[in-house]
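Each remark here refers to the structure printed beneath this line.
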């Protein structure tokens, strides 16, 4: 494993968009893409945080369109492939054709971990266009390793040449990661690659990525300064430093990544991307990481604690795409608080 070239997939310009509410400027995209390309990452994923056509009232509107961001990145990249993310039902095959013409050569088709069957049309069309099609199984902690592997097998049968364990909630332990990659290797074709997309909500983003590689993972997602939803993704520069110390062949320039993380990306964070009370609650409760900023807004609006909203979302097993339910949960918590207040009030009695 130490001699095999790891495929380094950067997600700063897609998952990282969540951290700043999808407000990257075109110039920022160019600067970051140029720095990543100069550091020789293998692919650079570009899109709204929720994938192609993710800009909406539900998810939040971006400062620019997906095509504007993609064209900006493609205009400065010489080495890396431009990648993007598509959620079936949000992005369409028409969007795939448009981004292919704009320079995208890798598409990650993302579904909930038990819904791989909805990816067929988009994976098949991506292959028809000549794109590399990647199966991306989100919230992978919410099903068993064996069932997850069967879902990956479905994506493989549709034409995916890579299948990912996606820890959207940052809730997987190192043993959980190991078990999922072993299950993948048991059922997927030898030529089908596997990938790891970690989140750092339990501070395990880098550790889980290392365990994944130790169990046969071919591709690792990471972002500069951990820029991503929740407590962020595995910080790219940290993972590369660890990989370097372990003697792994990653092919990137560590110092250029360190400079880009601190000089270009960290200054953009209006809310620090870190493990804190709220982002820890995401990992603890197993909640979709991009729910963070939406839950913070709801908590502020209704005078609630963000942690209480996140824990309740986890209890209800909400998944990506159910952002509209965050307000429902907040209102339910308000009602519950009001009922508890009424019950706790002393009952007044009139004197005879």
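From the backbone N, Cα and C atoms, a Cβ is placed for every residue, glycine too.
From a predicted model like this one, the values you see are computed outputs, not experimental measurements.
Marked as active site, proton acceptor by Swiss-Prot on the basis of sequence analysis: 18. The number of other CB atoms found within 10 A of the CB of residue 18 (active site, proton acceptor), across every protein chain shown, is 27.
Among the features that Swiss-Prot reports, substrate binding site is placed at 14, 15, 168, 197, 288. Long-range Cβ contacts of residue 14 (substrate binding site) within its own chain (separation 6+, distance under 8 Å): 45, 46, 47, 48, 49, 51, 84, 85.
The Mn(2+) binding site feature in Swiss-Prot is assigned to 15, 197, 199. Under 8 Å, Cβ to Cβ, and six or more positions away along its own chain, residue 199 (Mn(2+) binding site) finds 167, 168, 169, 170, 205, 228, 229, 230, 231, 232, 233, 234, 282, 283, 289.
Summarising the annotation, Swiss-Prot assigns domain 'Pyruvate carboxyltransferase' to 6-258.
Look at Swiss-Prot and you will find 14 tagged as site 'Transition state stabilizer'.
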Completion exercise
Within the same chain, the residues at least 6 apart in sequence whose Cβ is under 8 angstroms from that of residue 288 (substrate binding site) are 138, 139, 168, 169, 229, 282, 318, 319, 320
Fill in the blank from the handout: Rounded Cα distance in angstrom between residue 18 (active site, proton acceptor) and residue 197 (substrate binding site) is 15
Handout entry: Cβ neighbours within the same chain of residue 197 (substrate binding site) - under 8 Å, at least six residues apart
Key = 11, 136, 164, 165, 166, 167, 168, 221, 233
Fill in the blank from the handout: If you count the other CB atoms within 10 A of the CB of residue 15 (substrate binding site), including all protein chains displayed, you should get 29
Problem - the domain 'Pyruvate carboxyltransferase' (6-258) [mean pLDDT, rounded to integer] - result: 97
Practice task
Note the Cβ centroid of 14, 15, 168, 197, 288, the recorded substrate site, then list each other residue of that chain whose Cβ lies within 8 Å of it, in sequence.
Solution key: 11, 18, 49, 110, 138, 166, 199, 228, 229, 233, 289, 290
